[in-house]
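Annotated pyridoxal 5'-phosphate binding site per Swiss-Prot: GLY110, PHE111, SER185, ASP210, ASP211, ALA212, HIS213, THR240, LEU241, SER242, LYS243, in sequence order. Taken from Swiss-Prot, the feature substrate binding site covers HIS135, THR357. The N6-(pyridoxal phosphate)lysine annotation in Swiss-Prot covers LYS243.
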Amino acid sequence: MVQSLHEFLEENINYLKENGLYNEIDTIEGANGPEIKINGKSYINLSSNNYLGLATNEDLKSAAKAAIDTHGVGAGAVRTINGTLDLHDELEETLAKFKGTEAAIAYQSGFNCNMAAISAVMNKNDAILSDELNHASIIDGCRLSKAKIIRVNHSDMDDLRAKAKEAVESGQYNKVMYITDGVFSMDGDVAKLPEIVEIAEEFGLLTYVDDAHGSGVMGKGAGTVKHFGLQDKIDFQIGTLSKAIGVVGGYVAGTKELIDWLKAQSRPFLFSTSLAPGDTKAITEAVKKLMDSTELHDKLWDNAQYLKNGLSKLGYDTGESETPITPVIIGDEKTTQEFSKRLKDEGVYVKSIVFPTVPRGTGRVRNMPTAAHTKDMLDEAIAAYEKVGKEMKLI
């Protein structure tokens, strides 16, 4: 007798709940800003990816409303039929200038970018070297390509060199690509791009950087690749338009030749309706803001350093983060989840992150300070960390 859908779901949902792996989803009442409201109660929000506070920016809201008035609420078709609006062309030209590349292509999400770009270029005759802590969308994009996937120890340049040498010298593959996050989302560490480029040039590797958490944050806002001055050395620059940019979507930036190929061959571009007009115009406005001023970028880093210093002085382990991402590493999964709940009771919303998202025994709460937080908010959060940490005997 085959298993019914109900039996499958009941068994596996119960397993998740019994093992502390079931994710309870909270509904936010209103905007996702530095303060949020859930079930009528206000919280200091340290869980969003809204790094620069642009998700609630008045100029972006005005731009979106104006675009809806002139272009409607939807694009009406896929890009290759008649869903490419002048707004999309303007956005992609702006993104290319922002990233220092010849061209760019916009997608409906950052996840779509990795599903699209990897499988459009790599196939069963190729090999992909992938950092072991890369985002789930990279993992899925690699699987979709059917290329040989070779896991590389996290930011281990000796391991990368050895595996690149082995893959290239084996003669089994037409192309070999190395893929890495620019900024790793769980720990906040930065990819060693100068060393990666050196190894890539030595062995002829294609280079692919997913800068979801670096765009708007690193390189005075232009990203991790710009931070290291390597715009002409990285073949694929990937980014989201939903984190620091504050809206929705993703993009690939690179040579005109690459972008032409993606427009012809990447399936999410070919078979999914393009970004909505309001979103598209708001994104363009956000990118132009970052090109015109570093004010929000600088405020983000100032707030991040303030929070890190406060948590470190209390005795918390904030890991090796080199970016505003600020983990507080607790260790035990159940203790981590209890810690997050107790902080919520004190008015601080910061989610627990445990196995399998991070290795077992490295549970943490991940703080995401933004440019929109005030020092008073951060002081209140630090005070809550002190109170709960002492009550739970963690500090």
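First residue shown is number 1, and so on along the chain.
Note that Cβ sites are derived from N, Cα and C of the backbone, with glycine treated the same way.
Geometry remark: HIS135 (substrate binding site) versus SER185 (pyridoxal 5'-phosphate binding site), CA distance 8 Å.
Within the set GLY110, PHE111, SER185, ASP210, ASP211, ALA212, HIS213, THR240, LEU241, SER242, LYS243 that the record links to pyridoxal 5'-phosphate, no two Cα atoms are more than 16 Å apart, and one pair reaches that distance.
Around THR357 (substrate binding site), taking its Cβ as the centre, 16 other Cβ atoms fall within 10 Å, counting all chains.
Sequence-distant neighbours of ASP211 (pyridoxal 5'-phosphate binding site) (same chain, six or more apart, CB under 8 Å from its CB) are ASP181, GLY182, VAL183, MET218, GLY223, THR224, VAL225, GLN237, ILE238, GLY239, listed in sequence order.
Cα separation, SER185 (pyridoxal 5'-phosphate binding site) to THR357 (substrate binding site), rounded: 11 Å. Ranked by CA distance from THR357 (substrate binding site), the binding-site residues HIS213, LEU241, LYS243 have HIS213 at the top as the closest. Most buried of the binding-site residues HIS135, HIS213, LYS243, judged by other Cβ atoms within 10 Å, is HIS213.
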